[in-house]
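Visitor: Feature table excerpt (TrEMBL):
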DOMAIN    A:1-99  domain 'FAD-binding FR-type'
BINDING   A:Arg52, A:Pro53, A:Phe54, A:Ser55, A:Gly74, A:Thr75  FAD binding site
BINDING   A:Cys218, A:Cys223, A:Cys226, A:Cys239  [2Fe-2S] cluster binding site
Amino acid sequence: MTRFGKEGFDGDFFELVLEHPDPQSPAWRNWKPGQFVMVRPTAWEHNPLWGRPFSIYRADEDGLSVFFQIVGRGTERLAKLEPGDEVTVWGPLGNTFAVREDAPTLILAGGIGLAPFAEYVRRHPHPENLKVVFGHRPPVECYPLAKMAERVSCQSCRETCPADLDDFIALLGRVIPDYCRDGLVLACGPMPFLKTVQRIVAEHGGKAQLSLENRMACGVGACLGCVCDHKEEGPVSVCARGPVFWSDEITF
Amino acid sequence: MDMKVSFGGLSLKNPILTASGTFGYGLEYTRFGELATLGGIVVKGLSLEPRVGNPMPRIAETPSGMLNAIGLQNIGVRNFVEKRLPKLPADQMAVIANLYACSAEEFAELAGYLSEQPGVAALEVNISCPNVSSGGILFGQDPKMAARVTEAVKRRAGDKPVIIKLSPNVTDITEIARAAAGAGADILCLINTLSGMAVDARTRRPRLANVIGGLSGPAIKPVALRCVHQVSRAVDVPIIGVGGIASAEDVLEFILVGAHAIQVGTANFIRPDFVFRLVDELERLCEAYGITSFDEYRGSLRL
């Protein structure tokens, strides 16, 4: 049972602030960026049926929050919740992004894929080693990039026409090689974006950590509805084995 | 009240089981509750060899339900017995193995192997999966085939109760139920998913790569209740009811029409601690309704 507040960003973007489900539990005390929660308002009853998976945007004594964009029926109704409405949350779920304190680290985010990196950036002990490259379609004001830019180097690229996308891919091609062999490359965003990152790092003999999105029903590895193709292990649940995978582990 | 139920050679501390394919191998849910509080779990369908299942996407959300076309992805029966079964509290609740095979002979081989495993309380035979091209539902739509598989499994099952899980995707479910019962089924489980599909009007694509999948969730509860009601009057074999159960009230409805126990399926996805909470909720509801014995309440529907 969870009370909540919410903060609207521009457009269809929201930070949903929930009462922390269990701040003292070991799982929550040790949660790490990259993990996610399943969120499901009680008022949904049986329709929509599934909870919705979201990266953890923030979780501390002030609450738990997720950052999301309205993309369908579930997120549309989540955006309309009022303070006091009950929400069931289960998590933290899944694995996390690697942290290499002294390694140059490139964070690649596409659209709402920026969400898990807010806390990654905030917690990192050596922010001078971090660089964020952010590709997006709606205006940058829709996203919480400004707060991250106070701490680390951020470059934002907006796509308004097909040529912008070509420019962005070219930028990725220039920036990734510097990090993918000796440093660390982390990426979260839409599937085509992750595939592009996977291709570029492979071309340069390196690898990246990719956080996969997938349709999920249970979030705990039981329904087998969110599997991806793991080169060694076969089909594995993104929710339980991931959502973060090394780019050379999986086939899209 | 005494929540224990015994039927068909199976004794459970309460009538609440989890449905195959919705609870993994049990261990996925241990962070949300104590497995030992349940009557038992039915594990993900097991085949002789591991299976990778169908291509993605293989789940779709529908009004009050979901479609799946997982295609029986599983780690294989030996991996289950060696790596998962020892971690389950099989001495405190029933571990029921769900079997999938492409022929009666394969079903018998699975049954023979599992009958030797002390941690397995019963065998549930899946002759009703709509998502595989060979075997699966074909066995469950033909009374002769259903009887043949039942006999083959019974011959090799030793003292383990054999549960035959039936499909609603037939003209007359009582016909298949009679065939399975006549062939020696100890328990019938009904129902498996209803065959269905979902499409996207904008992209003109099906929502499942397999095009057709199995519908589950609260949307199918009326069909499941009808099937349990009809079969409980047609055969003298205990029944496990499953299909859309999402509350203690639903559990009582299934017992009222003749079920000895129930399985919770898709509701495990609605909230992962649901089935654990259900045990207490059922006990409270029985008290509220003045129900003191499941044996007395079962099948007491007033027509």
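For all residues, glycine too, the Cβ spot is worked out from N, Cα and C.
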Visitor: If you measure Cβ to Cβ, which of the binding-site residues A:Arg52, A:Pro53, A:Phe54, A:Ser55, A:Cys223 are under 8 Å from chain B?
Guide: A:Cys223
Visitor: Of the binding-site residues A:Cys218, A:Cys223, A:Cys226, A:Cys239, which sits closest to A:Ser55 (FAD binding site) by Cα distance?
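Guide: In terms of Cα distance, A:Ser55 (FAD binding site) lies closest to A:Cys239.
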Visitor: Take the Cβ of A:Cys226 ([2Fe-2S] cluster binding site) and count every other Cβ within 10 Å, whichever protein chain it belongs to.
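Guide: Here the count is 28.
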Visitor: Let me make sure I understand the structure: which of the binding-site residues listed (A:Ser55, A:Thr75) has the fewest other Cβ atoms within 10 A of its Cβ?
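Guide: It is A:Thr75 that, of the binding-site residues A:Ser55, A:Thr75, has the fewest other Cβ atoms within 10 Å.
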Visitor: Can you work out the mean pLDDT of the predicted model over the domain 'FAD-binding FR-type' (A:1-99)?
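Guide: Mean pLDDT across the domain 'FAD-binding FR-type' (A:1-99) comes out at 89.
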Visitor: Could you state the whole-number distance in Å separating the C-alpha atoms of A:Cys226 ([2Fe-2S] cluster binding site) and A:Phe54 (FAD binding site)?
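Guide: On Cα coordinates alone, these residues lie 14 Å apart.
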Visitor: Is A:Gly74 (FAD binding site) helix, strand or coil when read with DSSP?
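Guide: Note: A:Gly74 (FAD binding site) is helical by DSSP.
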Visitor: I'd like the number of other C-beta atoms within 10 A of the C-beta of A:Arg52 (FAD binding site), please.
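Guide: So the Cβ neighbour count for A:Arg52 (FAD binding site) comes to 23.
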Visitor: In the domain 'FAD-binding FR-type' (A:1-99), how many residues does DSSP put in helix, strand and coil?
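Guide: Taking the domain 'FAD-binding FR-type' (A:1-99) as a whole: 14 helix, 40 strand, 45 coil.
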Visitor: Quiz question: given the binding-site residues A:Pro53, A:Gly74, which has the greatest number of C-beta atoms lying within 10 angstroms of its own C-beta?
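Guide: Result of the Cβ crowding comparison: A:Pro53.
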Visitor: Filter the binding-site residues A:Cys218, A:Cys223, A:Cys239 down to the ones within 10 angstroms of A:Arg52 (FAD binding site), Cα to Cα, kept in sequence order.
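Guide: Cα within 10 Å of A:Arg52 (FAD binding site): A:Cys218.
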Visitor: Would you count the other C-beta atoms found within 10 angstroms of the C-beta of A:Phe54 (FAD binding site) for me?
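Guide: Counting Cβ neighbours of A:Phe54 (FAD binding site) within 10 Å gives 22.
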Visitor: Going by Cα-Cα distance, which of the binding-site residues (A:Pro53, A:Gly74, A:Thr75) sits nearest to A:Cys239 ([2Fe-2S] cluster binding site)?
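Guide: Its closest listed neighbour, by Cα, is A:Pro53.
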Visitor: What is the nearest of the binding-site residues A:Pro53, A:Phe54, A:Gly74, A:Thr75 to A:Cys218 ([2Fe-2S] cluster binding site), using the Cα of each?
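Guide: Comparing Cα positions, the candidate nearest A:Cys218 ([2Fe-2S] cluster binding site) turns out to be A:Pro53.
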Visitor: Please state whether DSSP places A:Cys218 ([2Fe-2S] cluster binding site) in a helix, a strand or coil.
Guide: coil
Visitor: Please report how many Å separate the Cα atom of A:Thr75 (FAD binding site) from that of A:Cys223 ([2Fe-2S] cluster binding site), as a whole number.
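Guide: Spelling it out, the Cα of A:Thr75 (FAD binding site) and the Cα of A:Cys223 ([2Fe-2S] cluster binding site) are 22 Å apart.
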